[in-house]
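A.B. asks: Sharing a structure here in structure tokens format.
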Amino acid sequence: MNAPVNTAVNPIGIHDITFATGHHSFALETLAAKHGIDVGKFHKGIGQEVMSQPAADEDIVTMAATAAKRIIDRNGTDGIRTLLFATESGVDQSKSAGVYVHGLLGLPSRVRTIEMKQACYSGVGALQVALGIVARNPQEKVLVVASDVARYDLNSGGEPTQGAAAAAFLVQANPGILAVEPASGVYTYDVQDFWRPNDRHTALVDGKLSIDAYLNAVRGAYDDFIDHGGADFAAIDRFCYHQPFTKMAVKAHMALREHVGLSADKAETAAELETTMHYNRMIGNSYTASVFLALMSLLETESDNLVGKRVGILSYGSGAVAEFFTGTIVDGYQKLLHADEHKKALDSREPLTYDAYRDLHPGTRVADITDYDTPEVTDAPFRFAGVKDHSRIYQRR
Ligand code: HMG
């Protein structure tokens, strides 16, 4: 068994956390009506109401920069020597999307910047890397962004689970929001449940296999967590799951309850997770950002005081890698939340008609990219202006 790091002496974790999302929203009610599907399948069956959609001049970089700007505006750049960008919708095969964010935010040059990928898992992978960097030198801070646009083919089973968002958070010693505990359970196995080849904008998925693979990984990661000294199930007060659609979290928690020998009633489980599902239900799948949206939803919509509560966090990335770990909520966390900005980001989205939504969808295949300009749509602080000489052009607004 690994010897746990003593976080009681030097807690490390999330000091500040926020999200940004697309300029547009698309109601699943509209999709259901156009496709002749009972909307109950979306609202109740998969637990989704609305999907965020980026404008033509937004992408993973602009959303990530918008979220990260909020962190920098509040905390400054002192101590930040690493910027980790987690995504599975990368905009370049070589250059890290993080370097574009670094430029847009005007961060100091004495920063290491990299992009990390393993489907939806890499946000939590980046968090673990960040914890390691800060454990080695508690003076350092790490800025992590997890940003994705989830896209499936039009008229496919995955279409109602699309979405877009970026989470940004600061990892440091003596954090103000979540002190991450040392025990962690990890699980990797090679399964072809969901993937996106280089020539496609849209993911390929075996939906039913992906659900089974997720549930299998929950059990595997949890067992490893227990084998590495993790807290008992009964000592965990709240659970946040990766939410490709919110009903998946309910399925996962029921599976975990059964795995530890407890009964698993669907309605009770859904009620138990309710406060963790608000943002994902209104945004859709945001891949790497999704589990952090679940955490923000818990922190910002639960009326109980969460100070001292232990939260179990489960990340799943198809293909597949999962991790289960816990953290405790720090005294004074309420003062650091960005609930008002998040409400504004959700409420101010411009709704899309069905035709406008279809027009914005990029289709399946990645075509040869020639120079183009995008229309000015977003009112976020940063925009993607188009492509010139094969380079992506980003602008501060
Ligand atoms: P589907 O075949 O269209 O839907 O695909 P369904 O027939 O399975 O119905 C879904 C649920 O709605 C069912 O409930 C139905 O009973 C219910 P369940 O049996 O699951 O409890 N239902 C209704 N409920 C109320 N009123 C109605 C009604 N009709 C049906 N009228 C599927 C669903 C999720 C497979 C599809 O959307 C899909 O392929 N999604 C994409 C894949 C996905 O999200 N997988 C999740 C696990 S993998 C993961 O999390 C990783 C991922 O984020 C990627 C990454 O890691 O990068 C995806």
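Residue 1 is the first one shown; counting continues down the chain.
The backbone N, Cα and C atoms fix where each Cβ goes, glycine too.
From TrEMBL, for reference:
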| type | residues | note |
| --- | --- | --- |
| BINDING | Asp38, Tyr152, Lys251, Asn285 | (3S)-3-hydroxy-3-methylglutaryl-CoA binding site |
| ACT_SITE | Glu88 | active site, proton donor/acceptor |
| ACT_SITE | Cys120 | active site, acyl-thioester intermediate |
| BINDING | Gly157 | substrate binding site |
| DOMAIN | 184-254 | domain 'Hydroxymethylglutaryl-coenzyme A synthase C-terminal' |
| ACT_SITE | His242 | active site, proton donor/acceptor |
| DOMAIN | 265-358 | domain 'Hydroxymethylglutaryl-coenzyme A synthase C-terminal' |
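Give me the structural setting of these features: burial, nearby parts and distances.
C.D. replies: Cβ neighbours of Tyr152 ((3S)-3-hydroxy-3-methylglutaryl-CoA binding site) (same chain, under 8 Å, six or more residues apart in sequence): Gly158, Glu159, Thr161, Gln162, Thr202, Ala203, Val205.
The secondary structure of Glu88 (active site, proton donor/acceptor), as reduced to three states from DSSP, is coil rather than helix or strand.
Here Cys120 (active site, acyl-thioester intermediate) comes close to Glu88, Asp148, His242, Pro244, Asn285, Tyr287, Thr288, Ser290, Val291, Ser315, Tyr316, Gly317, Ser318: these same-chain residues lie at least six apart in sequence, with C-beta atoms under 8 angstroms from its C-beta.
Counted within 10 Å of its Cβ, the other Cβ atoms near Gly157 (substrate binding site) come to 12, all protein chains included.
Mean pLDDT of the predicted structure over the domain 'Hydroxymethylglutaryl-coenzyme A synthase C-terminal' (184-254): 97.
Its Cβ placed at the centre, His242 (active site, proton donor/acceptor) has 33 other Cβ atoms within 10 Å.
Per DSSP, the secondary structure of the domain 'Hydroxymethylglutaryl-coenzyme A synthase C-terminal' (265-358) breaks down as 50 helix, 19 strand, 25 coil.
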A.B. asks: If I take the alpha carbons of Gly157 (substrate binding site) and Asp38 ((3S)-3-hydroxy-3-methylglutaryl-CoA binding site), what is the distance between them in whole Å?
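C.D. replies: Roughly 14 Å, rounded to the nearest whole number.
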A.B. asks: Can you tell me whether DSSP puts Cys120 (active site, acyl-thioester intermediate) in helix, strand or coil?
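C.D. replies: For Cys120 (active site, acyl-thioester intermediate) - judged by DSSP and reduced to three states - the answer is strand.
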A.B. asks: Listed recorded positions: Asp38, Cys120, Gly157, Lys251. Which have a CB under 6 angstroms from an atom of ligand 1?
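C.D. replies: Among the recorded positions listed, those whose Cβ sits under 6 Å from ligand 1 are Asp38, Cys120, Gly157.
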A.B. asks: So how many other Cβ atoms are close to Glu88 (active site, proton donor/acceptor), meaning within 10 Å of its Cβ?
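C.D. replies: Total other Cβ atoms inside 10 Å, all chains included: 27.
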